[in-house]
Ligand SMILES: Cc1cc2nc3c(=O)[nH]c(=O)nc-3n(C[C@H](O)[C@H](O)[C@H](O)COP(=O)(O)OP(=O)(O)OC[C@H]3O[C@@H](n4cnc5c(N)ncnc54)[C@H](O)[C@@H]3O)c2cc1C
């Protein structure tokens with residue numbers, strides 16, 4: 001048995017929460033520290049997890065770490081759905097339509113066919129008007145505004161502790177010194193337990209800070225960069241499948257239904273852009289493309305006119321995907337905190353696939369934690 005089982009997780013997005021759950025299940029005492037808790041805080045650009053669709057479309061290259069993480073995560077989601085009908089995740093068919101028969105994204109076909117066991121190329125008779133090629137496979141659609149509270153609830157039910165940092169940490173090490181910002185305890189019922197004061201001497205810190213890893217003074221990962229995404233939330237409970245349209249000019253439209261009856265419609269992939277507000281011309285473009293490609297997003301009696309003003313837009317959103325040149329960072333290291341060595345496990349940089357790789361990443365991070373701690377025990 002290891003002497004010190006205390007582990008700090010920095011970050012409360014989908015990766016922080018999933019990793020914290022796996023660490024608790026492995027027998028560690030886990031405390032989360034984060035500036036923003038997307039499960040309960042008002043939406044902000046400070047965390048990507050507020051903004052995801054989120055469906056499962058493998059982005060990893062064949063044979064890559066990302067592909068492995070995505071495979072494992074898909075299995076966990078499918079198991080969750082099978083075991084618990086209340087879980088805010090649903091299986092749906094995903095359709096990918098390409099407007100031109102030589103679209104560059106056709107290069108993904110072999111990968112997709114190998115990844116998804118039910119992958120199928122569509123017949124010409126199954127294609128919507130104007131589309132040249134189509135493919136389908138089963139995906140999962142995560143209802144993000146319900147799923148994050150579900151994860152946080154699981155975390156508390158397993159005995160985890162959580163603190164909001166009043167300002168972002170300057171470094172991971174600062175958490176272990178008197179340089180740390182003021183902390184506010186978070187609990188399952190919203191109450192604070194003044195008797196629970198963390199002992200700032202953990203066996204390890206797990207770093208799940210997403211884009212924050214660029215700025216933390218003892219991480220300063222310049223490979224981390226934002227990929228901005230604008231989306232709309234549209235009320236359309238009748239929409240069943242998840243669909244991606246690739247247009248010949250390079251534009252992409254996608255829609256991801258949620259259990260709640262809302263549908264996430266995107267979107268943009270703007271590398272390095274951090275503009276926090278929606279741009280009116282982008283919003284208009286998203287509306288026009290989806291109504292043209294998929295008039296079924298409109299109420300049945302309004303479809304013929306294909307008028308964007310008939311869309312029931314609930315929200316306009318902007319999020320920053322925490323991308324990392326190369327790949328996600330899943331590795332261990334050592335922090336020097338005033339001469340004391342502390343184990344750190346990094347788990348960040350999931351880009352546009354943080355939900356679809358979360359459970360695989362969480363298991364790997366905890367595996368690293370156990371291996372490294374065992375080797376120094
Ligand atoms: C428009 C859009 C669509 C997307 N669609 C999908 C999809 O369909 N499928 C999919 O799998 N993924 C999708 N994603 C990607 C997904 O949202 C991200 O990969 C994922 O949310 C990253 O989660 P995370 O926990 O690593 O980081 P985040 O959610 O960004 O969380 C980071 C956490 O670290 C904390 N933190 C950071 N720095 C500090 C600091 N210095 N001090 C204290 N706390 C700190 C933050 O407060 C936060 O709690 C999408 C993203 C966007 C923007």
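Quick reminder: no glycine exception, Cβ is built from N, Cα and C everywhere.
Unlike curated records, TrEMBL annotations are generated automatically.
Taken straight from TrEMBL:
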type	residues	note
BINDING	209	FAD binding site
BINDING	246, 321, 352	D-dopa binding site
DOMAIN	6-368	domain 'FAD dependent oxidoreductase'
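Residues 246, 321, 352 are the ones the record ties to D-dopa, and the longest Cα gap between any two of them is 20 Å. Residues from the binding-site residues list (209, 246, 321, 352) with a C-beta closer than 6 Å to any atom of ligand 1: 209, 321, 352. With the residue listed as 'FAD binding site' as the anchor, the candidate binding-site residues are 246, 321, 352, and the one with the nearest CA is 321. For residue 321 (D-dopa binding site), the same-chain residues 6+ apart in sequence whose C-beta sits under 8 angstroms from its C-beta are 48, 226, 227, 228, 229, 269, 351, 352, 354.
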